[in-house]
Each structure stands twice: as structure tokens, then as C-alpha cells.
Amino acid sequence: MSSMEIDFKQYQLRCQLRGHEDDVRGICVCGSEGIATSSRDRTVRFWSLDSSDKRKYVSSKMLLGHSSFVGPLAWIAPDEEFPEGGIVSGGMDTMVFVWDLRTGEKVQSLKGHQLQVTGVVLDGGDIISSSVDCTLRRWRKGQPVESWEAHKSAIQAVIKLPSGELVSGSTDTTLKLWRGKTCLHTFSGHTDTVRGLGVMHGLGILSASHDGSIMLWAQSGEVLMVMVGHTSIVYSVDAHGSGLIVSGSEDSFAKIWKDGVCVQSLEHPGCVWDAKFLENGDIVTACSDGVVRIWTVDQENIADPVELEAYASELSEYKLSRKSVGGLKLVDLPGLEALQIPGTSDGQTKIVREGDNGVAYSWNMREQKWDKIGEVVDGPDDSMKRSVLDGVQYDYVFDVDIGDGEPIRKLPYNRSDNPYDTADKWLLKENLPLSYRQQIVEFILQNTGQKDFNIDPTFRDPYTGSSAYVPGQPSYASGIAAKPTFKHIPKRGMLVFDAAQFDGILKKISEFNNTLLADSEKKDLSLTEPEISRLGAIVKILKDTSHYHTSRFADVDIALLLKLLKSWPVAMIFPVIDMLRMTVLHPDGAIVLLRHVEVNDVVMEMIMKATTDPALPANLLTSIRAVTNFFKNSSYYSWLQKHRSDILDAFSSCLASPNKNLQLAYSTLILNYAVLLIEKQDEEGQSHVLSAALEIAEQETLEIDSRFRALVAIGSLMLEGLVKKLAMDFDVGNIAKAAKASKEAKIAEIGADIELLTKQS
């Protein structure tokens, strides 16, 4: 059957969940409650439906406890012990943790595996975990019950079938079916590591492999279907009740399959570590760029055109960064300005980037000019000599023998790659200890003849403590071109002030209220008993963060806060502003408030009242933090953009204040504005924010975090905004140089990022 005959609706981007700071490794669909994701940034995040926009999800919990990257996840449905459900996570740190979603706390730490945990699954009340240490372990009520060596090589995945049996997949290329500790069947058919497993209800078991294929097996062991289409390692596979299958791969695609035919490929700006179906048929993908994406066929839920366009340009930039010309990466080639530098000898050649192409020039000594030779292409001879692995060409593909009876592994390498980078990625992909890194690097250097690659002894690897390549540092070999990697830019997501002393706030309001009651002229401004209890009810909602996705505000709640802001004496409004600051972080609170902002702009009125000279420091601090928190909710983006000039002018005095909290709040406001205006491509706004950020960054005596945030704003605006040339005119190079010389590591790092930007064309 041709794919044209298959009745299939195309998936499109629904939303992007940003929050993780590194590769998103795993996805767990938690019924209709939400989605949990795990990352190389050592965190697990829980995402709930955004009450203000049903297309989107918001991060409602961050689970912190793993000391290295987190992989597999499982969902504990709500019960007596976990009224809001729980999460089981496994990590590179060999630990299995159980988390209570109501509190966000870790309630069990299961220690026993010797190496990375690769799979976790629930079996009744028990937890089953798999590991690179070749064992499966069963845990009950936080205690080990049994463990057995299930394969002779690393186990990469474990699942439970509806019929109750377990299935494990291993580096030994097989799957095994288990009833208890008894192996009922060994499935042989893949030619490389079995990396991911899934259940196809009513049909059988799905497996994803490093050999690039996906197989569907009957429980009896026969292969029912083989799906081939990925050009690299397939990491994950999942099925939906509709009969669709989704797979995620190193080749940057999530592929959707129907009846064994690939019906759609969803392209990503990086490796797709995991892909799962939601109950409604939408697909969630986890990508190495740190973003979780949801894809839908429902026309009503498709992302708005601006987001779709932004994603398309992100993809084309990513593809451009991977394009190579004559064995050199296109992004590493200098621009046309390189031709302004005279050559040193007649006939000297230089390749420069023109648009999407590399063009060769030759130096004409007599006429003292560069003559164009023509476009550089990878000729047939280049590719004939190159090795191929999983459909991708490399300069070298080495056979690596790990020993210990492990199968021979394939290690691909290009001359333009950094060997440390290659070693890192390969060890993670193959689930091998990072302590092997130095041996792998030396193996690469020896076998490619790069003897002159100097290993810098001062670098330490954060995982293993051994010497390491640090992104953003220069390459140590003439033959190695590393794409510029920035440590702190571009900034993604918004920063907020989300800590509050609610009891102190209520106490202060009550104190001020008593003062008003005692003043015969101002008595009528005071709160009634029902209003005081109303404020208590608001605080109760705000304190219960685990119910933010379901709790609601009445219009009268917000109206009461706004009434106090309007009518109370200016010296008494700061605790009320502080309540407002926390209310805008509540999804529903923000939406109810927005209705008042749209009718008569009470917030701008509050800002003017709080910042009018002589402004009280308490009013200034609470109001600037409140405005900064508005960036948490995209519904306020157009309001923030519209009032940018007034808002920044109102708070510009904060920089000169000796109060460090005010300085930090001001630089956070500037950084959030930078992120927003880059997204909105607002050049005028970016120029305003850039000059404010430069003013902060120039003050070397300023508190570290304030200066750091301003520098991140500058770097992000230069890298992704429209004001790089303007920054150069403002002599940003000197600011970067001064920052780079700082004793504070993060100031020096962001200084190096900006300096690197000034050197790029």
C-alpha cells in the first residue's frame, strides 16, 4: 500500500516547553494530569496544562536530587499514598528516586545499581529498574526485593506488557521476555544495541535499535514488521491506540509510522532522545536542544503562525550549521570581510562563506587583489573516500573493542570535529563510563595522525574530574575547527521573583489597616472583616503551589487588591503590591488581572504611584519585582512591549540606588525585556534595552548577579537580536574585555562569550 492511500492527518507544532538547560532525555505521560520530562541538566520537570491557553503547558514542578543526568521516568497514578500522583526516575548517578508530586519532595532513594539506570517501570506496587550493570532489580516499599543478571551486556530498556510479563532490551542486540526471574524467550533479529522498547496493544512488542530499524515482534518471538527509514540510531519508540507508531532518532527526526510505512517526519534542531503519544494522539518529543515539543493534528491547537515561522527559521539555522563545504563546516568559514586582508604569496587560496556556499579565491600578487576561482563543492572523489555509518558519511569510522566480551562498537569521526566533544557524545550514546574519555581521545588522535593536539592540563571534567575540553575555549589543534559555543547565551525563558513571606505581608496589611481605623479622617479607607478574610483566602490559594493548575481566583479578589492600590496612602501600598507580585505568577490570577489591565490600566497607574519622586524603597522594590513577574505569562507580552519605554524610565533610578536588591531587580527586568524583544524582533526596543544593559555592565563595582544579568542581556541581543552593530559602536569590546578579566568565574565566562561575538563577522 502506498503512503498516499493511507488516511493520515499531518502533525504540526502545537507548543514548545522551555525550561530545561540541557538535553531533554526522557518523557513520561502522566495520564491526563500532565507530562514529566527528564534532562541532562539533572532535573525532572512536571508540566501541567496552561489554564490560560489550552494549547500550552506550564512547568509546575521541578524535582531536584539527581547528581548527574536523568533518563527513564515512570508515573505513579494518584492513590492514598500519592494523592496527586508520583514519579519514579532513574539516573546516570545509579540511583532510582521516587517523588511525591503533591510536595515535589523525594520520598524514596533506591540504591543498589552499580552503573547508570536505563529503565524504570511499575509492576503492581513494585518498581522494576534496569541498568548498564546488566541487572534487573525489583523494589518494594523502598527496599530491594530481588535482582538478577538478565543479560551479559548492558540493559538499555525495560517495559511491562499488559499480560504482566517484562521485556528487556540490551547492547547484546537481543530482547528477553521475563515471567518473574524466568526468561521465557530471547528475541534475536537486530544487528546492534536494542535501545528503546514499546508496547503495541493487541499486537506485540516494539523495539528501536542502534542499527537504525524498528521492529514489531509477536510475543511468541516472530517478527511481524520491520520499519526502516531513520539514517542513524533510533533511541525510542511508542504506539497509540489508533495504530500509529512514533520513533525518535539521532538523525534529528521523529518519524510517524502507519502499517509499517513512514507517513511523516518531524524535523528537530538536534537529536530526538524520546517520543511519546499523549492519550489524545498528540506527540511529545524530547530534543538535545533542551526543548520539549508537542505536535498535534487538531487544527484548533496548532501553534500560532509567529511561533511556526520562528521554529522554521531555527531549523534552517541548525541545518546551515551542519552543512560542510570541501570538508570544512560552512559556519566555520570566514565571511567576505576576510578578503580585505592581503595575501602573503602569489596563488595563495582562501575559502570564504557567501550566503549558503563556500567560494574559493586566489591571491593575485601583481594586482594585489583576490581573484575569484569559483564555488567549492564536495566532489565525487571526496565522498568515495569517506566511510559511511547509518547512512551518514564520515572521514573515519573506527571499530572500537571495549573488551569484557562486549560487541565491537563503531566510532564515527570527522577531521573538523573536536575529539573531546566526539568522545563525550559517543560515550553517552553507547552508555559507557565517561572515565573512558581520555583513552578514546588518545585513540582518535593516534589513528588520525593528529599528534600535535595539545591536551590542556588545567581543564577538569565536571563528571569524572579528568582533563576535559571546555566549550568556548580555543581548539588546541590547527586541524580542528570548533563551532563557537557560548556558555551563557542566548538566554531562554524569563526570570521571576517567586519567594514571598505571606505571613509578613498579611501582618503588615493588618498593621496599616489598624492605623487607618484609628485615624478619623481616613477610617473609611480601612478594610472590613469580610475583606480581611478575603485577603487570607487569596494567600491560601497562592501558598498552595501544587494546585496552581486547578485553583481559581474570583474577580472580586483581584478587584479588592486593586481597590487598595488605588485608595490607600502611598506609604502603605507596598505589601499590597507584593501580593499582586505573587498573584501574577498564578496562571488564573494573571488572567483575571489582565481583564482589569485591558479595561483601565491599573498597573501603569500603580507603577507611576510607586516610583514618583521621592519614591519609598519598599514601593520601588515590590513594584519592579511585580512588573518583572509579568514576563512569566505570555498574555502580558504585548502590554509589556507597548509600555516598555515608560516602564524602563520609571525604574531607571534603581541602578543608582545603594540597595543591592533594587539593582538586581532592575537588571533582571532588563534581561527579561531583552528575551522578549528578541522574540518580537523589535529593533527600537532592543536598542533601548541594550543601552540600559551597557550602562549596568560598565559598573565594575556592582553586585555580581546584577552585572552578570546585564552582560547576558547584551550577549543575547548581539547574538540573536538586531543590534549587534550598535553594540560594536558602543564599544562593547572594552566591556567584554573588562568582564573577561574578572576574578568571578561567571562574569569572566560571559565576557568571553561577548568577546567571541565581537570577533565574528
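Just so you know, glycine gets a Cβ as well, placed from its N, Cα and C.
What TrEMBL says about a protein is an automatic prediction, not a curated fact.
What you see is a predicted model, and the numbers here were worked out from it, not measured in a lab.
Under the heading repeat 'WD', TrEMBL lists 17-57, 87-109, 148-178, 227-258. The domain 'PFU' annotation in TrEMBL covers 362-458. Under the heading domain 'PUL', TrEMBL lists 487-757.
Mapped onto DSSP helix, strand and coil, the repeat 'WD' (17-57) counts 0 helix, 23 strand, 18 coil. Averaged across the domain 'PFU' (362-458), pLDDT for the predicted model comes to 71.
Residues 72, 115, 118-123, 128-136, 184-188, 190-199, 201, 205, 207, 209, 217, 219, 405-407, 431 of the same chain lie 6+ residues outside the repeat 'WD' (148-178) yet bring a C-beta within less than 8 angstroms of a C-beta in it. Below 8 angstroms of C-beta separation, residues 6, 8, 11, 195-201, 206-210, 212-216, 264-277, 281, 283, 285-286, 295, 318, 390-392, 429 of the same chain, each at least six residues beyond the ends of the repeat 'WD' (227-258), sit close to that stretch.
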